[in-house]
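Scroll down for the structure; my scribbles are underneath it.
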Amino acid sequence: MAGRSRRRSFWSVGVAAALLCLLAAHGCSAKHHKPKPTPGGISGNASSSSSNSSTPSIPPPVAPTPTAPTPPIPSPGTGSSNGSSGGGGGGWLNARATWYGAPNGAGPDDNGGACGFKNVNLPPFSAMTSCGNEPLFKDGKGCGSCYQIRCVGHPACSGLPETVIITDMNYYPVSLYHFDLSGTAFGAMAKDNRNDELRHAGIIDIQFRRVPCQYPGLTVTFHVEQGSNPVYMAILVEYENGDGDVVQVDLMESRYSTGGVDGTPTGVWTPMRESWGSIWRLDTNHPLQGPFSLRITNESGKTLIADQVIPADWQPNTVYSSIVQFD
């Protein structure tokens with residue numbers, strides 16, 4: 001019996017070691033992302049992310065059915081998203097964390113991710129990003145959510161909270177809640193000058209809580225995606241204070257007018273469909289007429305209207321900033 005028990009123990013250790021190697025190799029590689037829908041039903045895969053975190057490429061496992069509830073929507077005043085150590089007590093949940101990509105990078109080689117955000121190495125994301133498993137990523141509805149995280153149980157942990165934004169997905173069966181962090185975000189949880197020591201730990205225990213997102217000086221921004229055309233509009237929504245995520249986007253066209261004068265709004269809202277991540281799309285059987293107004297709804301049910309934020313002469317792969325923001 002003792003020998004049988006010992007064999008079981010060795011087997012368990014082996015499985016844990018194999019899982020650690022698997023995570024180190026992949027993180028939330030772009031290979032795991034949903035294919036990006038494009039006009040005409042053609043789809044393609046994003047490029048692979050960095051493999052700096054250790055072993056050869058191997059296929060990802062099938063995602064398990066999540067059993068953990070999604071974290072609660074943050075209340076105003078519960079923490080902050082600026083990385084400070086203050087902000088409300090309680091509400092901490094247990095999770096595990098890994099990291100991928102370059103040690104001081106933002107995760108993916110292309111500084112993107114399954115949410116569709118771009119240049120997450122730059123402010124306001126500043127590489128403080130994370131992949132989330134299903135209770136965090138929520139099939140894309142969790143994109144843009146902000147979480148305070150703090151590591152526990154390792155000598156290099158500072159114990160101070162840092163704030164990360166969900167920009168990518170990872171469905172590896174590590175724990176009920178799993179943050180696969182950028183190298184920058186993982187190292188930020190360490191004591192001074194012990195960042196590399198903490199990163200070398202691989203998988204660590206952390207605590208987390210959802211907090212309101214704060215983007216000082218920024219308004220809600222809309223990026224018209226490459227491939228958009230008169231009968232297909234795809235829009236990335238960014239920089240929403242509060243919940244940080246979006247559960248519905250609606251578009252209002254303008255009436256056609258002659259003489260080069262912009263038309264007035266039609267007053268009719270057309271629901272857009274979630275394409276992938278934080279990108280919403282509208283396919284039509286008629287040429288869309290701008291300027292376009294957009295109405296976004298967050299997880300708390302609050303709505304925000306950006307009147308005629310996208311002009312009639314809009315262009316693909318262009319950013320249009322609104323003058324509105326969630327309170």
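Cβ coordinates are placed from backbone N, Cα and C, and glycine is handled just like the others.
Feature annotation from Swiss-Prot assigns compositional bias 'Low complexity' to 44-56.
Taken from Swiss-Prot, the feature compositional bias 'Pro residues' covers 57-75.
Cβ-based neighbour count (10 Å, all protein chains) for CYS143 (disulfide bond) stands at 31. Sequence annotations record features per position, and here Swiss-Prot assigns disulfide bond to CYS115-CYS143 (among others) based on sequence analysis.
In this structure, CYS146 (disulfide bond) is part of a beta strand by DSSP. Here Swiss-Prot flags CYS146-CYS213 (among others) as disulfide bond, drawing on sequence analysis.
A sphere of 10 angstroms centred on the C-beta of CYS151 (disulfide bond) encloses 23 other C-beta atoms. Annotation source Swiss-Prot lists disulfide bond at CYS151-CYS157 (among others), citing sequence analysis.
Annotation comment: Swiss-Prot describes ASN45 (among others) as N-linked glycosylation site, evidence class sequence analysis.
The N-linked glycosylation site annotation in Swiss-Prot covers ASN52 (among others).
Residues or ranges marked as N-linked glycosylation site in Swiss-Prot (evidence: sequence analysis): ASN82 (among others).
Per Swiss-Prot, N-linked glycosylation site is recorded for ASN298 (among others), and the stated evidence type is sequence analysis. Cβ neighbour count for ASN298 (N-linked glycosylation site) (all protein chains, 10 Å cutoff from its Cβ): 22. According to DSSP, ASN298 (N-linked glycosylation site) sits in a coil region rather than a helix or strand.
Per Swiss-Prot, the feature region 'Disordered' maps to 30-88.
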Quiz item: If one looks at the chain holding CYS157 (disulfide bond), which residues at least 6 apart in sequence have a CB under 8 angstroms from its CB?
Solution: ARG150, CYS151, MET189, ALA190, LYS191, LEU198, ILE204
Quiz prompt | Fewest other C-beta atoms within 10 angstroms, as judged across CYS115, CYS213, which are the disulfide-bonded residues | solution = CYS213
Exercise. Determine, to the nearest whole angstrom, how far the Cα atom of ASN298 (N-linked glycosylation site) is from the Cα atom of CYS143 (disulfide bond).
Key: 11
Quiz item: How big is the Cα-to-Cα gap, in Å, between CYS146 (disulfide bond) and CYS115 (disulfide bond)?
Solution: 14
